[in-house]
């Protein structure tokens, strides 16, 4: 019988060398993300978001990246959810993209800022109607007594707003403004390639690339 200790694979698809990466981590992320899309990976925009609450306890969950540019990495959520409360208490976060089919990870750390009202409005308006209604119906992370309660709220919101629900005031975007981005490429014998981009401040233009021991 296979045990947990027996489960392992040997990584051998590719390598990651300093001479081959972009000097800017956003350009390198764009390169890898396009390769994930070309490989037709299921939902390559999924990432783990790690936060820390007011009590010092960490928590993590899967969310979807919805924007990347030189300012940072953007996702949207309910500001009153657990992650929203965590980020209000400690405005720093870590992100992790894991593309196992390509034997790659991207790890991102940085401070958090809310996106502008206009940016949140534009993205909310682009969502499917059901998702916009759901943003009103769900008091994310709050305890509810039954599924029926949630569905009743959904029906009430749909009847109230019809085809044009506005963005709820408690719903919007966050941007992770990174000061560290690590690119990880699996290699044989667990001697993986790890290249870390860092900068002294989140707004600094220049990045330093360091190789980390696996």
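Cβ coordinates come from backbone N, Cα and C, glycine included.
In Swiss-Prot this protein carries:
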type    : residues                                       : note
BINDING : 8, 9, 10, 11, 66, 123, 127, 131, 190, 191, 192 : substrate binding site
BINDING : 61-66, 76-77, 82-83, 105, 140-141, 184, 194    : FMN binding site
Out of the binding-site residues 61, 65, 76, 82, 105, give me the one sitting nearest to residue 190 (substrate binding site) by CA distance.
105
Look at the binding-site residues 8, 194 and tell me which residue has the greatest number of other C-beta atoms within 10 angstroms of its C-beta.
194
Give me the long-range Cβ neighbours of residue 65 (FMN binding site): same chain, 6+ apart, Cβ under 8 Å, in sequence order.
45, 46, 47, 73, 74, 75, 95, 97
By the DSSP assignment reduced to helix, strand and coil, which category contains residue 76 (FMN binding site)?
strand
Through the lens of DSSP with three states only, how would you label residue 82 (FMN binding site)?
helix
Determine, using Cα-Cα distances only, which of these binding-site residues is closest to residue 8 (substrate binding site): 63, 76, 82, 141, 194.
194
Taking only the Cα atoms, work out how far residue 61 (FMN binding site) lies from residue 127 (substrate binding site), in Å, as a whole number.
21
